[in-house]
Structure formats: structure tokens, C-alpha cells
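Now, the feature entries from Swiss-Prot:
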- Ser2: N-acetylserine (MOD_RES)
- Ser2: phosphoserine (MOD_RES)
- Ser46: phosphoserine (MOD_RES)
- 114-132: compositional bias 'Low complexity' (COMPBIAS)
- 135-152: compositional bias 'Basic and acidic residues' (COMPBIAS)
- Ser162: phosphoserine (MOD_RES)
- Ser269: phosphoserine (MOD_RES)
- Ser280: phosphoserine (MOD_RES)
- 288-306: compositional bias 'Polar residues' (COMPBIAS)
- Ser290: phosphoserine (MOD_RES)
- Ser291: phosphoserine (MOD_RES)
- Thr293: phosphothreonine (MOD_RES)
- Ser294: phosphoserine (MOD_RES)
- Ser299: phosphoserine (MOD_RES)
- Ser302: phosphoserine (MOD_RES)
- 307-319: compositional bias 'Low complexity' (COMPBIAS)
- 348-358: compositional bias 'Basic and acidic residues' (COMPBIAS)
Amino acid sequence: MSADAAAGAPLPRLCCLEKGPNGYGFHLHGEKGKLGQYIRLVEPGSPAEKAGLLAGDRLVEVNGENVEKETHQQVVSRIRAALNAVRLLVVDPETDEQLQKLGVQVREELLRAQEAPGQAEPPAAAEVQGAGNENEPREADKSHPEQRELRPRLCTMKKGPSGYGFNLHSDKSKPGQFIRSVDPDSPAEASGLRAQDRIVEVNGVCMEGKQHGDVVSAIRAGGDETKLLVVDRETDEFFKKCRVIPSQEHLNGPLPVPFTNGEIQKENSREALAEAALESPRPALVRSASSDTSEELNSQDSPPKQDSTAPSSTSSSDPILDFNISLAMAKERAHQKRSSKRAPQMDWSKKNELFSNL
């Protein structure tokens, strides 16, 4: 995209709403065949109208988080989790179409880039993150630390007349138990529980590796109140990169540090060396075990003790050599045993004497 085209491109709108006695005063809906969530209706005199929200606007971000690929319930949960104020980045249909033709990705940085002094080409500069003006990426970075501090959340709720107001499900593609949906105005919603959250703990007990029935039983065992430690998708991925299971210590304490590629390679090499050290004697153990088994099987045919007949020059460090010698010895002993079972030779004079008696 050329700089001239970017400079003349329309911009999205940032609407900051403060909740009134009757809420924010707008209705959200999804349209068939279109990705995303749209403003269906804006009530007259409402905080939404005062903030400049318009019917037909497409919702792009909620409090700096992109929601273009999220479900209706997920977007609603994000808005309600903001409590008394919310920041919505929206585009009207005409602006949305023009930005798509120009290949400009809709985000809040476009507005900050335009407001930055001495910035001749705001959209172009916003497109190249980390290049150009040094101040702009710093401003963008400053807007995310709160949102990017990925911590688990402790959701405490008391059972209402209709229960807690959330549904639990498991996903075959990934381990764990997840929140499928949260009912509006339910105890679960009031506690901050969101759709797609993964349950880590129930009432202080870790649920890692537990089955669906185990998690349900743990929740029911809490009676009319339960505490769920949960992580959203991004937080879950962060802790997996750190190789740490989230806990209540991470609610306010220091966060773990993700493994870098070098550290992962070092860790893998250490594990490989440890495994090699453990596995390296195994072939010898297998051979010696099979040798012992052969000795036991052969000993059934050769009762004599083996210690007295084993050659002293044989090295015990070579199980293969021991195995070959034991076979040879076994054959010799078997031959000796068969020979020892034969009847002694009788001379002809004794035979004649025996037959004459009969």
C-alpha cells in the first residue's frame, strides 16, 4: 500500500462509554455470512449514543483486545467484565470497506499514530511496528502492559436459584475442562467467569489431569459456594510456555518467565543426556538377564553346581561372552548327564549266569 493512499484512508472510531443506570444503551448481534459482531441498535440519550456509537458499526476491539474472531458470547463477556466503563473500537460499513480495499488492518494504533505530532504518514508508520519513529512503538507498548500481564483469575460465586449459571465441557483436541458458556446476570458472570476459560483449581484443589466427572464432583462438593481458578486462552498458552501450572500464588505474586529457544534446546539436551545415561546400560542388562534365564533353564537339565566348573579366566563385564560359555557348558553337562544314565557294561560270563538262573 502506498503512503499517499494510507494518508487519505478513513479511520476507525474509538468510543469510550460509561455505564449508566440502564447500562450502556446499545444492542450487539452477529450477522449471517459475516465474521464479527455488529451494533444493531443505539438507544437515544444513552452512554453509547453520547460516545458516538452508531447502528451498523462493526466492533473490532474491546479495551484494546481484538475481538474480530470471537463468538458473540465471548464479546459480551468481555464487555461485561469491564464493570462500569468500556472502550470500543468500531468502524462504520463504508470505512470498513475502504480499509479492506487498502489492506489496512483496523486497530487502535491507527488513531494514536494520527494524533502523534510530526507524524506525516500515520497509517504507514502504524503498519510497520518496531520501525520508523521510536516513540510510537513505545506508546503502543505502554498501552498493553496492563492487558498483557497474563495472570489466572479466581472466580468466587454463590449458587443462585438457577445454580451458578455456567456450562462446563471438554475439548477432544486439548486436555482440560473449559467453560462453554456463561448465563447473563448469573453468579458466574458476576464473578468474572468467561466462556472458553479453562479450570485450573476448584476450591483450592488442582484439577490438572482430572476427568470431567471429577471436576463436576469437586464443584458440587463445595455446596452453595465455589471458587474456581481459571485461565483464558492467552494466559493458558503463556503458562505452558513457562512450563508452570498456574496457582493462586500467581494472582498477585511474580510471574514465571517463558523458556527461550536456547533454554528449551539446553533443557532438551539435558533431558536427552539423562535419558541416555539411564538407557545406556539397558542393553547389557537385557543380555545379562537373558543369560541368567538361560542359566536357569539349563540348570534344570544340569543339577551340578556351576561355580566349580566356570572358567576363572572369563570376564564378568562381558555378558555376551558369559552367555556363549554357559551354552557350551550346558551342552557338555547335558551330554555328561545322558552318559551317566546309561547302564554299566556287563561281561558275558555274568549274562550267562543271569540267564541260567531264569
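Each position is counted from 1, following the chain as shown.
In case you wondered, yes, glycine gets a Cβ from its N, Cα and C as well.
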Among the modified residues Ser46, Ser162, point out the residue whose Cβ has the most other Cβ atoms within 10 Å, with all shown protein chains included in the count.
Ser46
Using the alpha carbons only, what distance in Å do you get between Ser162 (phosphoserine) and Ser46 (phosphoserine) once rounded?
31
